[in-house]
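As written in TrEMBL, here are the features:
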type	residues	note
DOMAIN	105-252	domain 'Peptidase S54 rhomboid'
TRANSMEM	28-46	transmembrane segment
TRANSMEM	121-137	transmembrane segment
TRANSMEM	149-169	transmembrane segment
TRANSMEM	175-192	transmembrane segment
TRANSMEM	199-217	transmembrane segment
TRANSMEM	237-253	transmembrane segment
Amino acid sequence: MGVENRDYMREESSYRYGGSSHPWMQNIVKTLIIVNVIVFVGQLVIKSPMSFDEFKTRFEMNAPIVPQNANLEEVYQQLRQQNRLPDTPVLNRWMTLETTKVLQGQIWRLTTYDFLHSTETIWHIVFNMWLLFLAGRQVAAKYGQYEFLWFYLTAGVFSAVFYIIWGLINGENVAAVGASGAVSAVLVLYAMNWPHHRWYIYGIIPVPVILLVVISAGMDFLPMLKQLTGGNRGDHIAHSAHIGGMLFGFLYYRRAWQISSLIPKGISKNNVFRRMRGPKLKVHQPPVQEETTSSLGTTIPPHIAEKVDKILQKISESGEASLTHEEREFLAESSRRYRR
């Protein structure tokens, strides 16, 4: 058969390119959206009275809870005994991005915050997931599902580090939640690859996606400049996390990074159990190499077929962008020579 006929070269749809053997990896954008929604529901459902750390943070942000000159611990205990403390999401206490706790060693917060959203309004998660849906599908199709997953997670960590550094520079220590940093990286990568694609504002105004990115960057950059000059940013939006995500998306595109190539792929549950069970005795059978025949009757040498299979499997796992120039040339030449 020709190389075009191999199973993993058949796309089920334009957004299934670069899949994986795991069902949840076949459409990683859909999986990420589902995970975010599940976590959001968990935030809404799993609640308990506000912790002292949350109470203190709310006070430091000048929320109208207690007088400025009050003893926080005494007021907190008094409100707790009177059952007057508001309920807050339990997940937030372990997953939000907080500079002091990250510096104390709770480094998991650099990525867990990425799956939390504000419970004060549903529009925070709706807007982020909508942008992820619009831009993420085509980016994942180009770079591969596995690579997109690691790009998304790494972008979230990069945004978190950028946010923490910016906060240390400005003396600001405000907890942050949301996928906006990672989604901003996805949006920039989309715009760099397809700058002239048009999105419709309110469904009627066509705007090039690259222009939307520039406008979004300006809306985040101006409040940061205001902070540098000693002004108050005037909102509770993590602008620096957005800029951090945009910067990561830009660097990823310009430097042609491939994050998944740095991740060991040989670690799996089956491999772990196999090592725990120990080696097995096997009867040795010499491998039989079969010649592959194209649909025109042309015999494909075993070593050529094996190399083609490896290249196509690489495309399936990491996307076409992961191929070297030599691999592209070899695949094209093989396709011409042994085509149907």
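Positions of Cβ are set from backbone N, Cα and C atoms, glycine also.
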Sequence-distant residues near the transmembrane segment (199-217) by C-beta distance (under 8 Å, 6 or more away from its ends) are 134-135, 184, 187-188, 190-191, 242-243, 246
Across the domain 'Peptidase S54 rhomboid' (105-252), the model's average pLDDT, rounded to a whole number, is 93
